[in-house]
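These features come from Swiss-Prot:
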- 13, 14, 15, 16, 17, 18, 19, 20, 21, 40, 121: ATP binding site (BINDING)
- 91, 96, 127, 131, 180, 189, 265, 277: L-citrulline binding site (BINDING)
- 123, 127, 128: L-aspartate binding site (BINDING)
């Protein structure tokens, strides 16, 4: 439908790879309009080299490369950590968190440039098409969205290469990786290609952020993470901003082989997909933060938050970052973090991240109450009345059903 709708100026989510380079040219040919290429720097490092020059040569009227690393860490990764967001109990949502930020930044560029349409290179089988488009629909509902992979007749990579050569688009001369990869400040994800066999172990050469646990240092390393209201603010006593926290933890945890996960997940579109992830810094933050909550949040609130964390993760995974329900869930999470302040001691050793200590000035843990020795604060005789009342439904059900 978008193909038949006239547009004047398009903002394209651009990576500089084969797909988005072809899309850039295809958009100009198909719509006869100006195309602005947009790239978000969210920690992909060397992938940004030469991108502006390549975009202009491929036909973009302008190329925006925005450094969004601090915003990504502060406004997306850290709130996810506060909410203990983990999809299907395994995936820490590195890619899912990046997409709404990119959509938000593209909308801002579109408003500045007077663009009336957006385009992206996500395929019709994946989750990213949903995340990008829900972001745009939530922030700029009047804009047109163009998804070339759902429109054009190209069947795969060979068709794209043939089109690129016919249009003079530079085709990468390096050998194609036997899998797809997406990198940002939170993680690197690998999927497709040789990873589509869920029984086949990934090649060790694939991993870029983490050392093989077998080759990690033979001595453990200890870290102390300071938190204020659910956010990590210092490592080993040194104050840092969220970007510095992520970069530091990625380096240290990666050295010890921490943060690898190999899973088969359920995509929003109904397909099961194998993903291999490296999330070194995020793994440390997730474990440390959840542990600190255990001494700073009361039982009932914590149990409710644990249930809500599942919904929170699903909202992120499914692209609902800007929804009303997400705002309500985040408001609850923010309230629970008022007293999540303290220090967590972490031990890193050959792929394992262990919490070995925690303390807080506002801790709800009372050793005098918890002790198994004789104490005055807790009268064990009081437990009998509690059990009688608490167990009454079970007792009565059993008694009456025996009649």
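The count begins at 1 with the first shown residue.
Cβ coordinates come from backbone N, Cα and C, glycine included.
On the structure: features taken from Swiss-Prot.
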{"residue": "13", "record": "ATP binding site", "DSSP class": "strand"}
{"residue": "91", "record": "L-citrulline binding site", "DSSP class": "strand"}
{"residue": "121", "record": "ATP binding site", "DSSP class": "coil"}
{"residue": "127", "record": "L-citrulline binding site", "DSSP class": "coil"}
{"residue": "189", "record": "L-citrulline binding site", "DSSP class": "strand"}
{"residue": "265", "record": "L-citrulline binding site", "DSSP class": "strand"}
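Of 13, 121, 128, all annotated as binding-site residues, the residue with the shortest Cα distance to residue 265 (L-citrulline binding site) is 128.
Counting neighbouring Cβ atoms within 10 Å of each of the binding-site residues (19, 265), the lowest count belongs to 265.
When secondary structure is read from DSSP and collapsed to three states, residue 96 (L-citrulline binding site) falls in the helix class. In three-state terms derived from DSSP, residue 277 (L-citrulline binding site) belongs to an extended strand segment. Counting every protein chain shown, 15 other Cβ atoms lie within 10 Å of the Cβ of residue 17 (ATP binding site). The binding-site residues listed here (19, 123, 128) include 128 as those with a Cα within 10 A of the Cα of residue 96 (L-citrulline binding site). For residue 19 (ATP binding site), the nearest of the binding-site residues 91, 123, 127, 128, 189 in terms of C-alpha separation is 123. Closest by Cα distance to residue 15 (ATP binding site), from the binding-site residues 131, 180, 189, is 180. Note: the L-aspartate site is recorded as 123, 127, 128; in the same chain, 122, 125, 126, 129, 130, 131 also have Cβ atoms within 8 Å of that site's Cβ centroid. Ranked by Cα separation from residue 17 (ATP binding site), the binding-site residues 123, 131, 180 are led by 180.
In this structure the C-alpha atoms belonging to residue 128 (L-aspartate binding site) and residue 180 (L-citrulline binding site) are separated by 14 Å. Checking each of the binding-site residues 91, 127, 131, 180, 277 against residue 13 (ATP binding site) by C-alpha distance, the shortest gap belongs to 131. Note on proximity: among 91, 180, 189, the binding-site residues of the record, the Cα nearest residue 123 (L-aspartate binding site) is that of 180.
Sequence-distant neighbours of residue 21 (ATP binding site): residues of the same chain at least 6 apart with a C-beta under 8 Å from its C-beta are 54, 58, 164, 169, 170. The Cβ of residue 180 (L-citrulline binding site) lies under 8 Å from the Cβ of 190, 191, 192, 193, each on the same chain and at least six residues away in sequence.
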